[in-house]
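From TrEMBL, here are the annotated features:
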- 91, 93, 97, 136: Ni(2+) binding site (BINDING)
- 91, 93, 97, 136: Fe(2+) binding site (BINDING)
- 90: site 'May play a role in metal incorporation in vivo' (SITE)
- 96: site 'May play a role in transmitting local conformational changes' (SITE)
- 99: site 'Important to generate the dianion' (SITE)
Ligand SMILES: [Fe+2]
């Protein structure tokens, strides 16, 4: 289940209903989904999409998503860090970013128009819908793996558009900070260690 952290307030929310309520206030959808049938670890993308078809079909209809796929990121992937670098700086997209996590973990930082930056650590069973235009950034946890269903209105719209605000530097996790000069870095380390269970 997801964990929502508000680093500037040193606050953590761990209950699904409260996470959904908090995120709803800033326009983000959070849900927990269960597979409609047993899925083996070796399940193919087609089997995975079939197992979650009831939820996917409902969301497609609601959000105008036309395609869904399964992305599988592993530590062995070539150019993994270069790929992750694209998403580690604050950006937004021309379309919604919709992810349902099948396994592994990741951390979405969301920078709402009003209110503090939040970090949402997602894992198996979590659906996060980040609407178009929302400022955010993403990173994997230390285990460097995640498997997720993605939904698209138009895959071409998913190119990151960078804000170049630099705000993400304040919220870098300890493992990605090479020169920890940020004010309060010791305190922040305490909270970012809690973001990823294996981090
Ligand atoms: Fe993104």
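Using the three backbone atoms N, Cα and C, a Cβ is placed for every residue, glycine included.
Structural setting of the listed features?
Under a cutoff of 8 A between CB atoms, and with a sequence separation of 6+ in the same chain, the neighbours of residue 97 (Ni(2+) binding site) are 128, 129, 130, 134, 136, 158.
Classification of residue 91 (Ni(2+) binding site) by DSSP places it within a strand.
For residue 90 (site 'May play a role in metal incorporation in vivo'), the same-chain residues 6+ apart in sequence whose C-beta sits under 8 angstroms from its C-beta are 109, 111, 135, 136, 137, 162, 163, 164, 165, 166, 167, 168.
Residue environment of residue 96 (site 'May play a role in transmitting local conformational changes') contains 21 other Cβ atoms, counted within 10 Å of its Cβ in all protein chains.
Using a 10 Å radius centred on the Cβ of residue 99 (site 'Important to generate the dianion') and all shown protein chains, the other Cβ atoms total 20.
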Of 91, 93, 136, which of the binding-site residues has the most Cβ neighbours inside 10 Å?
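Buried the deepest by this measure is 136.
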Checking the recorded positions 90, 96, 97, 99: which ones have Cβ within under 6 Å of ligand 1?
97
